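This report refers to the structure that appears directly beneath it.
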Amino acid sequence: MNQGGVATTNGGSGSGSVGVQIHQSRRLPDFLQSVNLKYVKLGYHYLISNLLTLCFIPLIAVISIEVSQMNLDDLRQLWVHLQYNLASIIICSAILVFGLTVYTMTRPRPVYLVDYSCYRAPDHLKAPNGRFMEHSKLTGDFDESSLEFQRKILERSGLGEETYVPKAMHNIPPTPSMAAAREEAEEVMFGALDILFHNTNVKPKDIGILVVNCSLFNPTPSLSAMIVNKYKLRGNIRSFNLGGMGCSAGVIAVDLAKDMLQVHRNTYAVVVSTENITQNWYFGNKKSMLIPNCLFRVGGSAVLLSNKSKDRRRAKYKLIHVVRTHRGADDKAFRCVYQEQDDAGKTGVSLSKDLMAIAGGALKTNITTLGPLVLPISEQLLFFTTLVVKKLFNAGIKPYIPDFKLAFDHFCIHAGGRAVIDELEKNLQLLPIHVEASRMTLHRFGNTSSSSIWYELAYIEAKGRMRKRNRVWQIAFGSGFKCNSAVWEALRNVKSSSNGPWEDCIDRYPVKITT
């Protein structure tokens, strides 16, 4: 997702003097001040769905306490009593077996994140802003207004001088082709997977589930088939290829892998998230379609998930919750990030002026559903009480704003654009350190689409901030329009894995972002 708020006096490619103005980005609505009760109910539905487990835990606790307080005489009398009450023994045993069976069959299997890796492109693919603008001018595809527009976007984007663009975009003129796009996809996916397999000592043949997501490049054979062919994965692998789902597809892919791991026992799942730039660069002059050129950069991630109990000892995290929100039923939301052709027939992704407002609505829905699952009881009661009072009595009071800092220790907000990070920091009342990982990822790697949340998690680890039982909130936005969240809990003090994306530069961060 990209930042908006760009105004121009001419959206086409006509000749003549065209003025360009960059206004302050449209602000997210103050979504915490207007909450729909039905979304709170959705969150409590998640809790009720686990009611059986919640009922058994107090019962087991009470029995344990009673047993711990019994002496030898009490146990002897209990045994004598049971000897003459065979029917009671049978009934109690049946109830106990039935309860344990129901609990075992219905409880979700834990999903562990063993490790993950992020691709870092070679230095010769770096695209400093000066070189970016020089190449844009030399292509001859952009008029002066569009070049000035791109320059101003870059200045205010939050991107640094070390982001990467694919090899085809370094050529003058650029040489986008199917072959070049395949080459970019292979370098990114295989680069991330090589590191993952090396760090985890997992053999490719051991992978039972493969999920790949990439929005804009979906060749035949698929990207997942390319991975199967490269690593000679087994013939009965469950492979999936998600396309067109935007920057939040990484969380969707994790959710799909989680569901598959509930069905297939004792196996590994690999989730690969990437985006392909080579064939999706826009060479026209429509302002709303030029912004992705300035923000999107090369990147990708590979994540190893497991439902094997033995992997808990070496895993980094345990998956706690995934909450997905889809606003595609609304026409404005559906079209706010839209791939299309401009009047000159050139293809690109157009960003609507309503993007920020739509993102705010999707986020409001998502966090209102997530809140009851993660917030402390005290926060939930305050939030719910003020909401009900306002709903029933139309009182002129503002809903209580939950403090999500009490639920999470770390925040990985999709690095889609500087304006989005700014507004989430303000509306969620976060501190600068909570959005540091997002800002620094945007600065160092740009918008790497669905993989950006993994670069952010790698930043937190590289800084040595991840402690046992810390909770991490990954939140991402994508076309459709979608807002998806994943919540992880650290199983140990997590250190950065070898060959991490920040390995050679973490000591230089954080850097000050100029306005």
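Using N, Cα and C of the backbone, Cβ positions are placed for all residues, glycine too.
Annotated features, as they stand in TrEMBL:
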TRANSMEM  44-65  transmembrane segment
TRANSMEM  86-105  transmembrane segment
DOMAIN    103-392  domain 'FAE'
ACT_SITE  CYS247  active site
ACT_SITE  HIS326  active site
DOMAIN    409-489  domain 'Beta-ketoacyl-[acyl-carrier-protein] synthase III C-terminal'
ACT_SITE  HIS410  active site
ACT_SITE  HIS414  active site
ACT_SITE  HIS443  active site
ACT_SITE  ASN447  active site
Practice task
Grab the pLDDT values for the domain 'Beta-ketoacyl-[acyl-carrier-protein] synthase III C-terminal' (409-489) and give me their mean, rounded.
Solution key: 95
Practice task
Summarise the domain 'Beta-ketoacyl-[acyl-carrier-protein] synthase III C-terminal' (409-489) by DSSP state, stating how many residues are helix, strand and coil.
Solution key: 37 helix, 21 strand, 23 coil
Handout entry: Proximal but sequence-remote residues of the same chain as HIS410 (active site) (Cβ under 8 Å, at least 6 apart)
Key = HIS434, ALA437, LEU457, ILE460, ARG465, MET466, ASN470, ARG471, VAL472, TRP473
Fill in the blank from the handout: Candidates HIS326, HIS414, HIS443 (active-site residues); min other-Cβ count within 10 Å returns HIS326
Practice task
Determine, to the nearest whole angstrom, how far the Cα atom of ASN447 (active site) is from the Cα atom of HIS414 (active site).
Solution key: 8
Completion exercise
Cβ neighbour count (10 Å, all chains) around ASN447 (active site) is 27
Completion exercise
Whole-Å Cα distance, CYS247 (active site) to HIS443 (active site), is 17
Completion exercise
Whole-Å Cα distance, HIS326 (active site) to HIS414 (active site), is 17
Fill in the blank from the handout: Here the 10 Å Cβ neighbour count for CYS247 (active site) comes out at 30
